[in-house]
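S.K.: First the structure, which I've put down as structure tokens, then a few questions once you've had a look.
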Amino acid sequence: MGRPDPEEGQLPAPVKPPDGGWGWIVLLGCFVITGFSYAFPKAVSVYFKELMKDFHVGYSDTAWISSIMLAMLYGTGPVCSIMVNQFGCRPVMLIGGLLASAGMILASFTTNIIELYLTAGVLTGLGMALNFQPSLIMLGTYFDKRRPLANGLAAAGSPVFLSSLSPLGQVLLEKFGWRGGFLIMGGLLLNCCTCGAVMRPLDMGMKRKMGKAQDKYEAKEMLPIGEKSEEGIGTTDATKKGKKAKKKPKKGKKLLDFSIFSNRGFIIYTISKFILVLGLFVPPILLVNYAKDTGVPDTEAAFLLSIIGFIDIFARPACGMVAGLKWVRPHVAYLFSFSMLFNGLTDICSARASNYTGLVIFCVFFGISYGMVGALQFEVLMAIVGSQKFSSAIGLVLLIEAFAVLIGPPSAGRLVDALKNYEVIFYLAGSEVVLSALFLGVTSYCCLNRGKKEPLPENNPSAGGGSDTEEAESDVQEAEEHSSDNHQPAHSTDNAVVVANEEANHVAEEQRGEGGGCPAGDGEVLARDGCNADQMVERDSF
């Protein structure tokens, strides 16, 4: 079951994103997938107390379930990239939905904590990883001009699902127990298969158009000679338009493209993202215990996370709209740097909060900055590497982030146990986030902006195709193939030959009159100098 490429072993030709239409359905599916991927590992924590009683284990043992889910979500990034590049997004997402659902259903029949690790942790985590990454790739293929808004709306799925799955889990626990709750949660995860089913590849529509052009050409070949002479040039142009979809690139398909490491922007983004993740998740993890230590009641302390989630719901789409403005989008990397700086300063300023009012103010500003970071993180990556290499880039970035996730929060927890002081932890986490913001902003300005005058190989973030020279050479090759395929019919219809020859000479004379005359005989040199390679090959072949 391979991806339906025009020719096996070749990458599909990039198709212009529609920025709407079926893309809104894809956006809805991405919203659901993002919600499940980020909120589900946190929502299962409502079952931990019952699991501790039934399996006679401690809180740290049950907390490994969520940790394994997140480790699978981040650590299997390259595996997901390879599967997407080999089979396509839709098959991978369908398999991922089945695995995620099967993991929770099997977890409802487990008898010890190790079996829970393998089912709810590994199997469900792998299934969500196989859904999360392809959904973002499909979102990037369907949206270009509206991509920042689309990323912001899709990212809003995380706080929406977190605020709904946790209360739902508590209701299921009270009525059906943890086994019944896991079983129903597994059924809910089957919706990931529905989201995967709507991820229709864009190249399917292009293939239908190519098929219609080919049928039209074959029908015109059956017309009388007089009619074919009148349609000769139009037929040639229509056939070439159909073949343009297969002209680039003609290289072997890479399962994981490591050439993105030659992109300085990608290196800068990866390093800053690693530093960011070290401190980004620490404050919300320690916030409830920090509030309790300051004397805040348990119910009010838990409500602080709800405040962050509620603000986050509106912050992500709003930030996506701002990032999509014409005068902001070219500088989206600096907006991302500002959002990280905002988040880090919020952590530092709230380190001395000693009452509930101060903590509420911190949650409001943290929710805004956290939402901005969540809405912009993948938009910046898409803008750096382009949609064609995004599948490999996000897999490698998530793998690198997995190490930061395993280092940051556990290290913060150990420091809390050793120092018995949350203030130092907030200072440390905020400093790491500020450092990542300064690194991204300064290095982007110094290393990337100075080279703007020089043409970069990846100057089109939404297409990711080859250079103009390569495209012109490909045009020459395709035109030569087309000329050899239709050589005999051209000789059998003298009228069509005369008309096509006169038209080609007329175009060549006009080009010479404008000062761009093209000498005959050099296909590749002509293509590089900007002449129309298709017309040149037509003239030489006739």
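Heads up, the Cβ atoms here are built off N, Cα and C, so glycines get one too.
Curation does not apply to TrEMBL; its annotations are automatic.
The following feature annotations were taken from TrEMBL:
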- 21-40: transmembrane segment (TRANSMEM)
- 23-448: domain 'Major facilitator superfamily (MFS) profile' (DOMAIN)
- 63-84: transmembrane segment (TRANSMEM)
- 91-110: transmembrane segment (TRANSMEM)
- 116-137: transmembrane segment (TRANSMEM)
- 181-202: transmembrane segment (TRANSMEM)
- 266-291: transmembrane segment (TRANSMEM)
- 303-325: transmembrane segment (TRANSMEM)
- 332-353: transmembrane segment (TRANSMEM)
- 359-378: transmembrane segment (TRANSMEM)
- 390-412: transmembrane segment (TRANSMEM)
- 424-448: transmembrane segment (TRANSMEM)
- 456-524: region 'Disordered' (REGION)
- 468-478: compositional bias 'Acidic residues' (COMPBIAS)
S.K.: Which listed stretch (91-110, 116-137, 181-202, 359-378) has the most C-beta pairs under 8 A with the transmembrane segment (266-291)?
M.R.: 359-378
S.K.: Are there three or more C-beta pairs under 8 angstroms joining the transmembrane segment (181-202) and the transmembrane segment (332-353), sequence spacing 6 or more?
M.R.: no
S.K.: At least three Cβ pairs under 8 Å linking the transmembrane segment (91-110) and the transmembrane segment (181-202), pairs spaced 6 or more in sequence?
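M.R.: These two stretches do touch.
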S.K.: Any chance the transmembrane segment (21-40) and the transmembrane segment (181-202) have 3 or more Cβ pairs under 8 A, given the pairs are 6 or more apart in sequence?
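M.R.: In contact, yes.
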S.K.: Please work out which recorded stretch in 181-202, 303-325, 390-412 has the most C-beta pairs separated by under 8 angstroms from the transmembrane segment (359-378)?
M.R.: 303-325
S.K.: Other than its close neighbours in sequence, what residues sit by the transmembrane segment (116-137), given a CB gap under 8 Å and a spacing of at least six beyond its ends?
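M.R.: Distal contacts: 29-30, 33-34, 36-37, 40-41, 44, 51, 55, 64-65, 67-74, 76-77, 79-81, 83-84, 89-90, 92-93, 95-104, 106-107, 110, 154, 182, 189, 192, 195-196, 199, 378, 387, 390-391, 394-395, 398.
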